[in-house]
Amino acid sequence: MVGFSRCALSQLRQPKAQLVRSFSHIPSRAYSAPSSSIPAAKKKYIPTSGTYPLGFQVSGTIVGVKPSNTTKPDLALLTSEVPCAAAAVFTKNKFQAAPVTFSRALLQKKGNKGIQGVVINSGCANAVTGKGGLEDAAKMAQAADKCLGQSDSIIVMSTGVIGQRLPIDKIINNVPKAHSALGGSHEHWLTMAKAICTTDTFPKLISRTFTLPSSPGVEYRIAGTTKGAGMIHPNMATLLGVIATDAPISSSALPSVLKHAVDRSFNSITIDGDTSTNDTVALLANGMAGGKEVVEGTPDYEAFREVLTKFSTELAQLIVRDGEGATKFVTIKVVDSASEEAARKIASTIARSPLVKTALYGKDANWGRILCATGYSLISEPSEPINDVPEIVPENTNVSFVPTDGTAELKLLVNGEPEQVDEARAAEILELEDLEILVRLGTGDKQATYWTCDYSHEYITINGDYRT
C-alpha cells in the first residue's frame, strides 16, 4: 500500500488555485509551431544552413487550422519536379487517423511509385473523424495534386487534437498559396519544419550529403524534418517525419530500407509511453542526382541503408531532446543479452518507467528503480503461462551511470551486489544534460539502445492544458 507524508497530504488538500500558483513559474508551451521564443538551450539544434536534395521544393504557410493561430505556419507542402519512389512506416495504433488510412492505401495502389509530394497540416489530427475525415484527407491530396497537374500523387499527414474535423475549406483554399510559396532554400525548408510542429519548442531539420560505392564521384543529398514532443513511443508515436533524397533508390528497395532505419531510430525512442493515432515517416527518392539505380542485395543498398539509419537516428534524437518537460537526454543501453528482442524490451521498459524518469529529473541516483524496471520487463501477463525469464539472471546483472564527458562509469550494481555509491559523483553525472544508463545482463552477446528523457512538472502542465 502506498503511503503519503503529511506534507504530501497537505499539498493534495490545497485548493486548485493554490496548486496552479505553485506551478506558475513553469514556462508553458504554445500548442502550435515554435515562435521566436525558442529556448536558448535548444537553439544549438537548429541549423543555420543546409544542403538540400535536387528537384525538391517545400513551403510552410499560415492557414489558422486552430482559430487561435494567426501568426505561425501550420500547412506544409513538399513537392518533387519528377515522380518519386516512396515508402512510409505508419502507426500500429488501431484507431488510425484518416490521413494514415488514406496514405497507406495510396502507396499500396501506386506500388510505391509515382508519388510527387506530401501535404501536412498541424493543429488538428483528423483522427477518429469517420467517413468525413477520410473525405477531408482526400480533399487535401486532391488540392495539392491540382496544383501539380497530377492525380493520386500526394501523401497526406496531420497532427494535433484527436476527434475534431479539419477546417477543410480553409485548408484547401490555402493549398494554392502553399504551392506558390514553394522554394528550395534553407529558409524554405526551415519554414516547412516549423509548419508541422505542435508542442515542439524548436523545428527539427537535418540535411546531409553522401556517396554510394557504384558512383563515388556523385554527391547525393538527403534532408528531413520531423515533429514530436509528447505521445512518443513505438510503434511509432505522435511523430511525423518526411525524408527526401535525390539518390536513385528503387521502389522495391525503399520499403525495406526505411523499415530497417525506423526500427533502429524512431522506434527506439520514448517520451511518455503513449503511441499516437497519426504517426507516419515517409521517404521519397526522386533520383535526380543520377547514378545507378539502387536495388536490394547490392553494396549500394547496404551503404544507403547505413546512411538512412544514421540520418534517422539523428532526427529521432532531436525529438527526445524536445520531449515535453524534458531537462535530460538519456541513452538506455542494454548489453550482454541472450537476445536482441529481450534487450530491446528491457531498454524500452526502463526508458518509459515514470519512477526512473522522475528520479532522473530529481537528480536522484536511485538505481533500484532501474533494476526494478529491468526485473519486470519480461515477466508474463497474469493470464499467460509463467515465464522464468532466463534472459535475466540477478547475480549476473550490472548497472552503471556512464558520463558523456568521457570520465569513468559509476558502477551502481556489480554482479547483483550493490556498490557503495559515491553520491557526490552521482550528483555530478546527473547534473549533466546528457547521460547514459548501462545495464549488463551477462547472459549473451546481444544489445539494444533506446533514447528517452526525464519527467518534470512541465510535462503535466503541458498535457493538462493541451486542448486550451
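Backbone N, Cα and C define each Cβ position, glycine as well.
For Thr238, the entry in Swiss-Prot reads active site, nucleophile.
Annotation comment: Swiss-Prot describes Thr198, Lys227, Thr238, Glu324, Asn463, Thr468 as substrate binding site, evidence class sequence analysis. Its own atom aside, the Cβ of Glu324 (substrate binding site) has 25 Cβ atoms within 10 angstroms in the protein chains shown.
Annotated transit peptide per Swiss-Prot: 1-23, in sequence order.
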Assigned element (helix, strand, coil) containing Thr198 (substrate binding site), judged by DSSP: coil
Neighbour count (Cβ, 10 Å) for Lys227 (substrate binding site): 28
